[in-house]
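Q: Take a look at what Swiss-Prot says about it:
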MOTIF     66-76  motif ''HIGH' region'
BINDING   Glu581  L-isoleucyl-5'-AMP binding site
MOTIF     622-626  motif ''KMSKS' region'
BINDING   Lys625  ATP binding site
BINDING   Cys908, Cys911, Cys928, Cys931  Zn(2+) binding site
Amino acid sequence: MSNKKADSKPQAKYPVNLLDTPFPMRGDLPKREPQWVEDWEARGVYEKIRAASQGRPKFILHDGPPYANGDIHLGHAVNKILKDMVVKSRNMAGFDAPYVPGWDCHGMPIEIQIEKQFGKSLPAAEVMAKARAYATEQIEKQKVGFKRLGVLGEWGNPYKTMNFQNEAEEIRALGKIIEKGYVYRGLKPVNWCFDCGSALAEAEVEYKDRTDPTIDVLFAFAEPEKTAHAFGLAELPRAEGGIVIWTTTPWTIPANQALNLHPEIVYALVDTERGLLVMAEERVEACMKDFGLTGRVIARTPGEKLANLRFHHPLAAAHPGYKRTSPVYLGDYVTTDTGTGVVHSSPAYGVEDFTSCKAHGMTDSDIINPVMGDGRYIESLPLFGGLTIWDANPKIVDALKAAGSLLRNERYAHSYMHCWRHKTPIIYRATSQWFAGMDTQPADGGKTLRETALDAVDATAFYPSWGKQRLHAMIANRPDWTLSRQRQWGVPMAFFVHKETGELHPRTLELLEEVAKRVERQGIEAWQTLDARELIGDDANLYEKNRDTLDVWFDSGTTHWHVLRGSHKDQLQFPADLYLEGSDQHRGWFHSSLLTASMLDGRAPYKGLLTHGFTVDGEGRKMSKSLGNGIDPHEVANRLGAEIIRLWIASTDYSGELAISEEILKRVTEGYRRIRNTLRFLLANLSDFDYAKDALPAGQWLEIDRYAVAFAAQLQAELLAHYEKYEFHPVVAKLQTFCSEDLGGFYLDVLKDRLYTSAPASPARRSAQTALYHVTQGLLRVLAPFLSFTAEEAWRVFQPQSDTIFTETYYAYPEIAGAEALIAKWTLLRDVRGDVTKALEEARTANRIGSSLQAQVEVRASGARYDALASLGDDLKFVLITSAATVVKVDAQGDESVDVAASTYPKCERCWHYREDVGAHADHPTLCGRCFSNLFENGETRSAA
């Protein structure tokens, strides 16, 4: 017996190891997170990560630049936090993974803001200066928001497309693709916004429902004899009539120059009260009903027989200015799904119309193009000059009616193109623009841009995989890229073009380099103020400065050139490992970057593309002001903490829509608390543990501790495989299960007795603490990519001598001998424990026992279950959290059972176990023999648990 004298005071004489930790139960995230943001910045944590990562293999996530305009919204938060999780997880996986954030700075939205604030009459130099200042102000505002979300990066030196070096390198990239033969100038219908006064990129177009007039119009016979012969008739039985078209754009009728028929569709000559009408045979019945006519088909012929016939313009009778005829051209794009099977062609206002007319010999100068950039007809247009096309629509209908050419006029609801900025309808409009040719043979005679880009898509990894087919289809079907824009605040297409021929100056490549050098020093303003004579001397009499600017998608689409290999080449490299954006960027940044890199380098600028969905409310509805269902990330961060936003994003399958609501945030917060409570338990029970002095080698651990570490190591391997594939939601799901079930529901539950009641420095307790130390090392690191604030807070308590968790790599768990067999055995034991817990709960419900420690259980088991249980010996009771446990072998699984009885022994005051030896020591009548030994002797001996 020990000679220790026990204190006679009952509360002080039987202490248990209930320890505290400075890691609080309440996260108080809205208050603490901003302090961490300041701390990370003040101590240069991002720079420390970079220093720690030197010499490792590079991993480059290239930031797709948000536009420098407006506050950050929830979509920004999703995007930036996903990127942050990727970068942090790659750094911890042993890579050098820098994060250089960037901003898209030129373009229409900022120019519109300047116009709103200062009017439209500012000199160009002032527009530039104010646009730069505005973009800078917006960047600083957004930067604060991104940092508040816990995103670490090169915030002191981000890339900006408006930085002089980036602007200059973009001009050099333009020179390269001209040199390679991809760029040409031509008249083509492009997406045109009247409010922007400029061409739009495909990615700047959105579709909205709209109601427009729909009309069926008669083009009268101009060659009745030829028409009769085409239908196999000697002559037409009557002179009245013609060919019928259907359109939803009456405003294009004044510019009609042709009619398109499908060569293989059968067309009918129909005798009606309105004369002879030509239309597709399979549309006759529907059209007669729509027109309110009765008709009889008197002849049929395939479309090819009608080629080159001419018909009078439908407004010829309304004004002499329309006394012209329209030829019939053949086109495979004509269908009979709707309308009459005849398409009226205004080549200035439709891509297929334009292509067809050009293919049939029409020159650019032949094309009638009366709509100006502001949406008004030129003043000289007969009947409608000076009107906007939308105001002209009803007047054109009236004029057609007066001319006897209108067969039907109704309203038609359909999905129509709109400008993504102004939300106003746009049109196709033929303008002289600079294009990158998708099917143009490059100067080296190699593959076309389309072929190269499609090959690059095939060579790219997609997350999720369906993105490959989507981008492939977009590239396969897209038209030539309209590179030019008619704005001020943009990188100039710094060409000198011949005043008469429009040809580029023969020294264009050399001149572009000269301009780039000036832009490098002074920004794009250098081009605005440049006197042409400075560069081309007397040639300035023949050549003028091109006024077009580059599409802003070329700005961001060449960041692989002017950022990865330009402004930040010391940190980054080409190609990037990953581009990560919303799924709309298949037709945006992913797309433009692919095309520019295909032209410049013959490959994609990325090895992988990751796309995430958009945020929706709890009912799956898109967030909008009208529905009032928007959620502001600032408000959530200030109320619940940015950590809750991070955990919500990490726990959601980003490949689809990301649903968020107050109810969802409540569930996320509850999940966060469970993780935090687990960390608090771990840290508290390690607060008197010094790994260097107190740790035991794995061979001396109790069996359950070896199992716990083996299990944690196995889990980590699974988690790292998910991280490798950017699968974050399974990481969160498995870690939440680990914290709540594997740790809280089992291992830590079993461990409490040993941690609290064993002698502080006993091998049994140090075994448990050594295992907890390893589990905590591993757990904090796998949490860090998404629970960054919490992992850092816990790490500073756990490893106070370390600067930050973010310079660590994933933990190397100690090797556990026979780990696989150990995990299998304890999986079986946990299964049995589940049966016992159920039986204990039934006994508690029946008021046969109070707590589980009041119970003594007998487990009847067979086979491997018996072997596993029996191997624990007397430690089985600790695993089952009962005061006594015995195991009885039975022959068959069907004979297995759990018997629960209330203990008849007294309860130990200290450990709360019911034991026969409580009071065995007269000086300590309320203490069991186990606790007496742990307090005053050498302590109990355990082997398993």
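Positions of Cβ are set from backbone N, Cα and C atoms, glycine also.
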Q: Could you check which of the binding-site residues (Cys908, Cys911, Cys928, Cys931) sits closest to Glu581 (L-isoleucyl-5'-AMP binding site), going Cα to Cα?
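A: With Cα distances computed to Glu581 (L-isoleucyl-5'-AMP binding site), the winner among Cys908, Cys911, Cys928, Cys931 is Cys911.
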Q: Are there residues of the same chain, six or more positions away from Cys928 (Zn(2+) binding site), whose CB falls under 8 angstroms from its CB, and which are they?
A: Cys908, Arg910, Cys911, His913, Arg915, Asp917, Val918, Ala920
Q: Long-range neighbours only, meaning 6 or more apart in sequence with Cβ under 8 Å: which ones does Cys931 (Zn(2+) binding site) have?
A: Tyr14, Thr757, Cys908, Arg910, Cys911
Q: Enter the number of other CB atoms within 10 angstroms of the CB of Cys908 (Zn(2+) binding site).
A: 25
Q: Mind checking how the motif ''KMSKS' region' (622-626) divides into helix, strand and coil residues in DSSP?
A: 0 helix, 1 strand, 4 coil
Q: Can you count helix, strand and coil residues in the motif ''HIGH' region' (66-76) using DSSP?
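A: The motif ''HIGH' region' (66-76) comes out at 3 helix, 1 strand, 7 coil.
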Q: For the motif ''HIGH' region' (66-76), provide the mean pLDDT of the predicted model.
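A: On average, pLDDT over the motif ''HIGH' region' (66-76) sits at 94.
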Q: With H, G and I counted as helix, E and B as strand and the rest as coil, say where DSSP puts Cys931 (Zn(2+) binding site).
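A: Assignment for Cys931 (Zn(2+) binding site) reads helix.
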Q: Which residues, same chain and not among Cys908, Cys911, Cys928, Cys931, have a CB within 8 angstroms of the centroid of the CB atoms at the recorded Zn(2+) site?
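A: Nearby residues not in the site list: Thr757, Glu909, Arg910, Trp912, His913, Arg915, Val918, Leu927, Gly929, Arg930, Phe932.
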Q: Specify the secondary structure state of Glu581 (L-isoleucyl-5'-AMP binding site) as given by DSSP, simplified to three classes.
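A: Looking at the DSSP assignment, Glu581 (L-isoleucyl-5'-AMP binding site) belongs to a strand.
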